[in-house]
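Working notes, beginning with the structure itself.
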Amino acid sequence: MGGIMKKTDQINILAIETSCDETAAAIIQNGHTILSEVVATQIDSHKRFGGVVPEIASRHHVEQMTQVLEETLTKASLTMEEIDAVAVTEGPGLVGALLVGVATAKALAFSHQLPLIGVHHIAGHIYANQLVESFKFPLLCLVVSGGHTELILMKEHGKFEVIGETRDDACGEAYDKVARVLDVPYPGGPHVDKLAKLGNDTLNLPRIYLEEDSYDFSFSGLKSAVINTVHNAKQKGIALKKEDIACSFQESVVEVLVEKTYRASVEYGVKQVVVAGGVAANSRLREALRERFNDPEVTLSIPPLALCTDNASMIGAAAYNDYQKQAFRGLDLNANPGLDLEQYGKR
Amino acid sequence: MILAMDTSTDVLSVSLHNGQEIIEEYSSKNKNKHSTRLMPAIDRIMKEAKVTPQDLTKIVVGMGPGSYTGVRIALSTAKTMAWTLNIPVVGVSSLRALSLQAAGDDYVCSFLDARRGLVYAGLYDKAGNEVLPEVNILMDEWLEKLAALNKQVTFVSPDLDKFQSLIGEHLGDRALYKPNGHHLMRAGLLAEVGKDFGPTDPHLLVPNYLRLVEAEAKWLEKQKADQHDR
Ligand SMILES: [Zn+2]
């Protein structure tokens, strides 16, 4: 849609995010200031199933979406007349869940004849950092979540180059599987992190670096090592402390993540390193990154905890570039569960 | 000006109704494209009629049953438009809207294939009242219930082909069928039935799934079994 741009320097973007199990909306001014933000989480609805049930997630989204939007506008004391564009996560994610957000965003844009912007979920996670400080390029981003483990190089706004990615499980997935071995409740990641703080790195689990020059990751071997170690100990009648298992696993994950990120930051001469995704909330990862990146020439940005999990503020932040470029989308915008980040950057 | 929409079946249908009559209607059978085509279809009929979003006074939406995803696309669109334009929204059962294709007949059964021998089905009288509550049921079981009523029933369904012989087995010549062209969802008829309905709070309007999520149904069954064991 080729809406007419408002002649003011305050640009308010209303953003919507429904890619998984959070129904979220936010209003972001000029790509960096959160005017309001609402997240309706569904964790309690999925807990009894030990993971997100896509159909249940979609049902919740359609029930909660307009209420979340109303609360978002009320919190910012704004009306739709003061909104300049509507942004929405178009992918990747659960298709049924994404579709609710996309249909809602299009209905809003159409009703008020506003420009519509589609955002890649991971671009959103990366741009969560823009809500804290401005980007300096070249920039390296470590994306770690339940569905992603990637190292992404950015030379300018809105362009993404994947220089490393997981060859099997995502980092957050490995956490969930180890959480199951340790028999801690869903969602497992934060529980493993908590246990690890109380234990020691005693199990000598492998550090999986793959080829020397590779920035790719692999976590399935580590997960198997944890399972085997626990199994063997049981056979021998040795009682392993849960805390030690959690700590040993976490140390191995964090060491590889931090070391690869550091090496890539040196090779590409980056000015800023940002961390994004749910696992960016992990306390040990945050601590280890701060220890490793003590070079004043390189800015390390780790978003505050509230911006690590899925939210709409990050979508509104990422959408601002498209607003400036007037890269607007039509009313035929669709959900794209397999949307590729590099391709999205070429839009 | 009333805007009506339904995407609960393979047919995408949108319509404008001025309170007296249908003035625009667009229907298209193009499975799986509802997400990309619903909003452009609404845009198109509104432009044709020179109607702006601010001219709308009510939204009527087919709330299912049908394809879960399809139902949510129309519901999300309708709820959002009604809420943000501050106008009433009315949810009408998609089965009820379908039954209007045989309006005037004594008993009308509209149904949709729900796979594995199941259907979503409803039975309405001449005045549009539900004779039996809408259900998700084995077609065999449903037809037994209809046979027991000992009445003539007119069948309307986009999935009629698949079930016609089974219907014949149960109801014989008490089963009537509308001719071809009268078995698809039409938003114009949806507007006809919804125009006089009282509004629902857009926040509270939810799809008419007629079925629990499979994981939830299994979980509830397990809870019941566990209680028995105790
Ligand atoms: Zn995410």
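In case you wondered, yes, glycine gets a Cβ from its N, Cα and C as well.
Unlike curated records, TrEMBL annotations are generated automatically.
Using a 10 Å radius centred on the Cβ of A:HIS121 (Fe cation binding site) and all shown protein chains, the other Cβ atoms total 26. TrEMBL lists A:HIS121, A:HIS125, A:ASP310 with the feature Fe cation binding site.
Remark: A:VAL143 (substrate binding site) has A:ILE122, A:HIS125, A:ILE126, A:THR149, A:GLU150, A:LEU151, A:ILE152, A:ALA276, A:GLY277 as non-local neighbours, by Cβ distance under 8 Å and separation of at least 6 in sequence. Under the three-state DSSP scheme, A:VAL143 (substrate binding site) falls in the strand class. Positions annotated as substrate binding site by TrEMBL: A:VAL143, A:VAL144, A:SER145, A:GLY146, A:GLY147, A:ASP176, A:GLY189, A:ASP193, A:ASN282.
Among the features that TrEMBL reports, domain 'Gcp-like' is placed at A:33-316.
Spacing of A:GLY189 (substrate binding site) relative to A:ASP310 (Fe cation binding site) is 15 Å (Cα to Cα, whole number).
When the binding-site residues A:VAL143, A:SER145, A:GLY147, A:GLY189, A:ASN282 are checked against ligand 1, A:SER145 have a Cβ within less than 6 Å of one of its atoms.
Here A:SER145 (substrate binding site) comes close to A:HIS125, A:ALA170, A:CYS171, A:GLY172, A:ALA276, A:GLY277, A:GLY278, A:VAL279: these same-chain residues lie at least six apart in sequence, with C-beta atoms under 8 angstroms from its C-beta. A:GLY147 (substrate binding site) sits 11 Å from A:HIS121 (Fe cation binding site), taking the Cα positions as reference.
A Cα-Cα distance of 15 Å separates A:ASP310 (Fe cation binding site) from A:ASN282 (substrate binding site). When secondary structure is read from DSSP and collapsed to three states, A:GLY189 (substrate binding site) falls in the helix class. Counting only the Cα atoms, the space from A:ASN282 (substrate binding site) to A:HIS121 (Fe cation binding site) is about 20 angstrom.
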